[in-house]
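Step one of this worksheet: look at the structure below.
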Amino acid sequence: MNEEQRLQAGLIKGKQADKDYSKYFEAVYTPPSLKEAKKRGKEEIEYHNDFQIEERFLGMGTNHKFHIRTFGCQMNEHDTEVIAGILTGLGYESTDNVKEANVILLNTCAIRENAENRVFGELGHLKPLKLENPDLLIGVCGCMSQEESVVNKILKTYDQVDMIFGTHNIHRIPNILHEAYMSKEMVIEVWSKEGDIIENLPKVRHGNIKAWVNIMYGCDKFCTYCIVPYTRGKERSRRPEDIIQEVRHLAANGYKEIMLLGQNVNAYGKDFDDIEYRLGDLMDDLRKIDIPRIRFTTSHPRDFDDHLIQVLAKGGNLLDHIHLPVQSGSSDILKIMARKYSREQFLELVSKIKKAIPTVTLTTDIIVGFPNETDEQFEETLSLYKEVGFEMAYTYIYSPREGTPAAKMIDNIPMEVKKERLQRLNELVNGMSAEAMKPYKGKTVKVLVEGESKRNPEVLAGYTEKNKLVNFRAPREMIGKIVNVKIIEAKTWSLDGEFIGVVEKEKVTL
Ligand code: SAH
Ligand code: SF4
Ligand code: F3S
């Protein structure tokens with residue numbers, strides 16, 4: 001594209017943009033559409049288990065390096081593992097040093113405005129690298145690339161970007177890169193509709209102790225504040241046999257802990273029309289696999305059924321820690337959030353879970369300052385938090401997301417009030433975490449050792465079954481093992497302990 005065309009397309013800062021950019025591009029140009037992403041069609045989700053890198057692309061990355069920066073949730077991090085897998089398959093080598101990379105990818109998150117701002121900031125930092133090395137390819141992928149407004153902003157303001165591809169287009173990376181090398185124009189490929197299920201994608205996993213396993217993709221809940229159903233498409237579950245095989249394979253390769261992933265894992269299996277098989281059934285099958293620990297995230301209270309509770313109560317490698325986002329303690333706010341449960345229903349679910357699994361630890365997510373939230377309604381969140389006895393929470397100030405129903409509501413809580421509420425909530429969260437830690441003093445816990453502590457390389461760190469961070473001194477050979485640690489000191493967010501010895505029988509007896 002020449003200067004004249006760029007000007008006409010509004011791609012030069014300060015000029016009026018012509019909305020139809022496509023005519024200026026010969027290369028791939030499939031922009032996102034939130035309107036399309038909102039539709040939930042009846043079309044069958046296509047299932048492919050024959051992913052292969054086309055022969056013509058093999059060796060594309062020889063002598064080249066890639067660097068990926070990940071901004072989002074665990075699913076986003078797991079996507080990074082798949083992207084790294086494909087790039088490695090193309091012959092690229094990974095590097096931690098952004099300056100020596102030939103391909104830089106930002107795997108982005110759209111959940112809140114500040115997550116997006118971090119990405120735009122990072123793009124600004126990358127500009128000098130691009131000026132130094134015009135052959136460098138910079139790509140934006142992940143949830144932000146599914147948003148029209150983001151793609152338009154990048155087109156207008158960030159001409160250092162060479163490619164934008166969506167969450168449903170990861171398997172297309174070889175083609176997208178090829179296009180980017182050939183055309184030298186910004187390549188945009190973002191499919192807005194559903195996305196298929198593609199098995200056999202290569203992965204370069206982060207570490208060899210804990211592994212993420214997707215069990216489903218997408219979300220159909222459409223909570224009014226949330227962008228995820230638009231950026232991740234329709235709920236679609238992986239076939240049980242594929243998941244079981246992946247977990248078996250990981251167990252055989254020595255992994256100690258599996259985190260099953262989905263935006264709403266309790267909806268697992270709802271989309272199968274040939275089998276009656278839900279999350280409870282999957283957990284019941286997975287618990288028989290010879291692997292010490294299995295967790296899942298995130299579960300939506302609405303679909304948390306009795307069968308699942310019964311199966312979790314069997315224990316073994318199914319851990320007694322459940323992350324159960326509540327978002328608010330006020331039934332009225334829950335209603336306008338479209339969470340589809342009331343405070344009372346949530347409390348009822350919690351008491352059912354506690355009855356079946358008396359040792360359970362519950363953690364949650366909470367949003368403060370949702371439109372119209374009164375002081376009394378916020379107090380209800382605090383009282384619910386205490387009543388449940390949550391041991392940890394991720395807490396957020398409400399952030400309007402363009403295209404969601406809540407963004408049309410008046411964001412009428414002043415920022416000062418939102419911040420004050422967040423602070424009060426966080427004080428409660430910290431206090432209750434500290435309380436929950438106290439009884440550990442003097443007890444012996446099982447810790448999966450992950451590596452050196454972040455603060456002191458002479459100290460090792462790992463997590464208990466209930467996901468409490470434990471620091472202790474022990475030989476480095478203990479990394480990757482499950483060990484007994486006697487707790488000496490309980491802090492607000494971590495425990496300090498004394499190494500006792502390796503747990504001989506890591507595997508659980510059923
Ligand atoms: N699927 C998960 C949530 C994924 S997003 C669930 O429903 O439990 C992680 C958390 O981000 C949410 O639980 C919510 O607390 C928060 N969040 C989502 N959208 C938000 C927004 N617009 N503003 C502030 N926080 C938000
Ligand atoms: Fe977002 Fe709600 Fe879906 Fe969670 S369940 S991803 S909060 S729409
Ligand atoms: Fe963010 Fe997308 Fe995850 S919006 S929280 S990266 S699903």
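The backbone N, Cα and C atoms fix where each Cβ goes, glycine too.
Small disclaimer: the values here were computed from a predicted structure and weren't measured.
Per TrEMBL, the features are as follows:
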| type | residues | note |
| --- | --- | --- |
| BINDING | Cys73, Cys109, Cys143 | [4Fe-4S] cluster 1 binding site |
| BINDING | Cys219, Cys223, Cys226 | [4Fe-4S] cluster 2 binding site |
| DOMAIN | 64-182 | domain 'MTTase N-terminal' |
| DOMAIN | 205-435 | domain 'Radical SAM core' |
| DOMAIN | 438-501 | domain 'TRAM' |
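All features noted in TrEMBL, drawn onto the structure.
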residue : record                          : DSSP (3 states)
Cys73   : [4Fe-4S] cluster 1 binding site : coil
Cys109  : [4Fe-4S] cluster 1 binding site : coil
Cys143  : [4Fe-4S] cluster 1 binding site : helix
Cys219  : [4Fe-4S] cluster 2 binding site : coil
Cys226  : [4Fe-4S] cluster 2 binding site : coil
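DSSP assignment over the domain 'TRAM' (438-501) gives 6 helix, 35 strand, 23 coil.
Considering other CB atoms within 10 Å as the measure, the emptiest surroundings among the binding-site residues Cys73, Cys226 are those of Cys73. Taking the Cα atom of each, Cys109 ([4Fe-4S] cluster 1 binding site) and Cys219 ([4Fe-4S] cluster 2 binding site) are about 15 angstrom apart.
Less than 6 Å separates the Cβ from ligand 1 in the case of Cys226, drawn from the binding-site residues Cys109, Cys143, Cys226 in sequence order.
Taking the centroid of the Cβ atoms of Cys219, Cys223, Cys226 as the [4Fe-4S] cluster 2 site, the other same-chain residues with Cβ within 8 Å of it are Lys221, Phe222, Tyr225, Ile227, Val228, Pro229, Gln263, Asn264.
A distance of 17 Å separates the Cα atom of Cys143 ([4Fe-4S] cluster 1 binding site) from that of Cys223 ([4Fe-4S] cluster 2 binding site). Secondary structure by DSSP for the domain 'MTTase N-terminal' (64-182): 66 helix, 23 strand, 30 coil. Counting only the Cα atoms, the space from Cys223 ([4Fe-4S] cluster 2 binding site) to Cys73 ([4Fe-4S] cluster 1 binding site) is about 17 angstrom. Within 10 Å of the C-beta of Cys109 ([4Fe-4S] cluster 1 binding site) there are 22 other C-beta atoms, taking all protein chains into account. A straight line from the CA of Cys219 ([4Fe-4S] cluster 2 binding site) to the CA of Cys73 ([4Fe-4S] cluster 1 binding site) spans 14 Å. The CA atom of Cys73 ([4Fe-4S] cluster 1 binding site) is located 14 Å away from the CA atom of Cys226 ([4Fe-4S] cluster 2 binding site). The 6 Å Cβ screen around ligand 2 retains Cys219, Cys223 from the binding-site residues Cys109, Cys143, Cys219, Cys223, ordered by sequence position. Excluding Cys73, Cys109, Cys143 themselves, the residues of that chain whose CB lies within 8 A of the CB mean position for the [4Fe-4S] cluster 1 site are, in sequence, Phe71, Gly72, Met75, Asn76, Thr108, Ala110, Ile111, Ala115, Gly142, Val228, Thr231.
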